[in-house]
Amino acid sequence: MSKIQRVAEANLPTEFGLFRIVGFEFPDTKKEHVALVMGDISNSEENPVLARIHSECLTGDALHSLKCDCGFQLSTALRQISEAGRGVLIYHREEGRGIGLINKIRAYSLQDNGMDTIEANLALGFAADERNFKVCADIFELLGICKVRLLTNNPAKIDTMKKAGINVVERIPLNVGENRYNTGYLDTKAKKMGHYIVHDNEKHYLDCPYCQSEIPNKK
């Protein structure tokens, strides 16, 4: 596979402010990824860029599913970049941890019948995580970024960036969106994938609008 190329860009006004949307494409496969850029991201050597690698999740990002934390993480990351006035969000187009949308729906069906997110992937013949984060390092390079402050709970993203020559000088936690539909999913990511997920179940029951009917009875 040939290396990804920067092919298009334009202004993109959003509810979080004005971004530049930059399109990237593999010339042979035509596989596409995009980055949202705010502010002056030059000179990352002296001033590391606030960054988020966000893998595509149609159900969470666009359809507001509560089965995952993806949509919450997307909006929180864009808001934090906007508040900082400078940063990058790479929209990494590997839906369903790399298995695609239809297979993700199949995995959801297996989860409806008792499997966790990892068991469902394995039952369908996939690895727990099929994503390739190396392309994100290539995108950072094409944007002229060498040092980042990375918004993530996923150690694999940090490890891949460092191995590819992108210096992650700080990890910024992104623990948002926990609710009664995704607590088990988040537990699985923490226990089986090593994600840095912090639970405060009592607090999330009290704060989450979807959980008010399920506040545990205190003895």
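Placement of Cβ uses the backbone N, Cα and C atoms for every residue, glycine included.
All protein chains included, D129 (active site, proton acceptor) registers 19 other Cβ atoms within 10 Å of its own Cβ. Under DSSP, D129 (active site, proton acceptor) is assigned to coil, being neither helix nor strand in the three-state scheme. According to Swiss-Prot, the active site, proton acceptor annotation covers D129, on the basis of sequence analysis.
Here Swiss-Prot flags R131 as active site, nucleophile.
Same-chain residues at least 6 positions away in sequence with a Cβ under 8 Å from that of E95 (GTP binding site) are, in sequence order, S55, E56, C57, L58, L101, K104. Residues or ranges marked as GTP binding site in Swiss-Prot: R52, I53, H54, S55, E56, Q73, E95, G96, R97, T117, T152, K157.
The feature Zn(2+) binding site is assigned by Swiss-Prot to C57, C68, C70, with sequence analysis given as support. The number of other Cβ atoms within 10 Å of the Cβ belonging to C68 (Zn(2+) binding site), over all protein chains shown, comes to 20.
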Rounded inter-Cα distance in Å - R131 (active site, nucleophile), R97 (GTP binding site): 5
For H54 (GTP binding site), the three-state class that DSSP assigns: strand
Cβ within 8 Å of the mean position of the Cβ atoms of C57, C68, C70: remaining residues of the chain near Zn(2+): S55, T59, G60, D61, S65, K67, D69, G71, Q73, L74
